[in-house]
Amino acid sequence: MQGQDWSAFQFEIYLNGMNGTVPRLPTDLSRLEEMAAQRLGPGPVGYVAGSAGSGRTERANREALDRWAIVPRMLRDVRERDLGVELFGRRLPAPVALAPVGVLSIMHPDAEPAAARAAAALGLPFTASSAADTTMEQIAEAMGEQAERWFQLYWPKDREVCVSFLGRAKAAGYSVLVVTLDTWLLAWRPRDLDQAYLPFLHGIGTANYFSDPAFRAGLAKPVEEDPTAAVLHWAQMFADPGKTWEDLAFLRDHWDGPIVLKGVLHPDDARRAADAGMDGVVVSNHGGRQVNGAIGAADALPGIAEAVGDRLTVLFDSGVRSGDDVLKALALGARGVLLGRPYVYGLGLDGEAGVTHVLRCLLAEFDLTMALSGYTRPGELTREALTRPGGA
Ligand SMILES: Cc1cc2nc3c(=O)[nH]c(=O)nc-3n(C[C@H](O)[C@H](O)[C@H](O)COP(=O)(O)O)c2cc1C
Ligand SMILES: O=C(O)C(=O)c1ccccc1
């Protein structure tokens, strides 16, 4: 084994069984939602599990991955394997990062620091959401100096707040800026609407803003004196639906590291990202939480990889639930994937240990599936590894 031996987790689980111990959480990560629904509150679970409209696009994400089938190849000596990849100039032990997810404290009191520590302990990047309950500085501290961390920007209307966030993220050691393009407005989300549940109105997810000097300067009264006014101010400056491709020059001027645009679904938008001097895209429909009826993310992936794969680092999220999903995404042209809801359920069900469990399951399953399919490293995976049984 050249890289980290991710599949050792499988044997560890069986060995623990000799002492009568079985895993506290399911090892089929698609079952976590069901367990979370039994054990956690309906508001928080609805917020995480819910999606836009009828849930058509959330289902499309699964269907798009399920339409592909892996075609395993035999007798290829798969003893020496390495899941490691290079992303944005850094060597990572596996092609997986944690997706930016806001308001994690609705799932578990240990929230972002717990998830970030779990990622750091395995050497995987944690993407801190702008809408976190812990400041980016506190998350950085929880992760430790050397740990790879990315900052997700909800690009605010207020220029001063934007510049302040970028300066803080750089100072706190975030290496990659992930700019989310698909959430200028929150979509129509019936599960949240039916329960009239929105965490932000309770001030959840505003830690980066309420601690920010530029944000605070825009308030008539200090946050502590009038929290409701602070939340309302946050709501109107949090995003700017007026942004256009020309505005990316501003971000390029104020961030000297890699910039990745999250939420790209059309090859022409990916080309524009490359033309604007961006470094990567995340092919994503936000887990089906924004445009109901939108294309399944894995259906958009091959066209985008073909259009810009030689100019940009193409990442993927929306629907990844297993090691075979990771294999398919890489074979369809992604260089890495972001894991969303499964780690959030792991956090809700068992804190930091739950996130660790989820990541180790995903990567053990990916390593075993890759080996059993005849591949030894992510770079070997191409469309050749897959077929589409239904045709097309
Ligand atoms: C509860 C929740 C909160 C999220 N918050 C953010 C966020 O703050 N910023 C962001 O860019 N994406 C956010 N996302 C989207 C994720 O980054 C990712 O695109 C999505 O979860 C992928 O879909 P999947 O979890 O079904 O695989 C959120 C997703 C969920 C489920
Ligand atoms: O709920 C989400 O999908 C999301 O992206 C979000 C938006 C604003 C604040 C926190 C999360």
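Start at 1 and count along the chain as shown; that gives each residue its number.
Note: Cβ is positioned from N, Cα and C throughout, glycine not excepted.
According to TrEMBL:
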| type | residues | note |
| --- | --- | --- |
| DOMAIN | 21-391 | domain 'FMN hydroxy acid dehydrogenase' |
| BINDING | Y47, Y154, R189, H286, R289 | glyoxylate binding site |
| BINDING | 100-102, S129, Q152, T180, K262, S284, 317-321, 340-341 | FMN binding site |
| ACT_SITE | H286 | active site, proton acceptor |
Cα distance (Å, whole number) from Y47 (glyoxylate binding site) to G102 (FMN binding site): 11
Residue among binding-site residues Y47, R189, R289 with Cα closest to the Cα of G319 (FMN binding site): R289
Filtered binding-site residues, from Q152, R189, R321, whose Cβ is under 6 Å from an atom of ligand 1: Q152
C-alpha spacing of K262 (FMN binding site) relative to R289 (glyoxylate binding site), in angstrom: 14
In sequence order, those binding-site residues of G102, R189, R289, R321, R341 whose CB lies under 6 Å from ligand 2: G102, R289
R341 (FMN binding site): tally of other CB atoms within 10 A of its CB: 25
Distance from K262 (FMN binding site) back to Y47 (glyoxylate binding site), taken between C-alpha atoms, in Å: 20
Three-class DSSP secondary structure - R189 (glyoxylate binding site): coil
Sparsest-packed of the listed binding-site residues (K262, H286, R321) - C-beta count within 10 angstroms: R321
Most Cβ neighbours inside 10 Å, all chains, among the binding-site residues R189, R289: R289
Chain-internal residues near Q152 (FMN binding site), provided their CB is under 8 angstroms and they sit 6+ positions away: P100, T127, A128, S129, S130, V178, V179, T180, K262
Cα proximity to R341 (FMN binding site), best match among binding-site residues Y154, R189, H286: H286
Three-class DSSP secondary structure - G102 (FMN binding site): coil
For D317 (FMN binding site), the one of Y154, R189, H286 that lies nearest, given that the binding-site residues are compared by Cα: H286
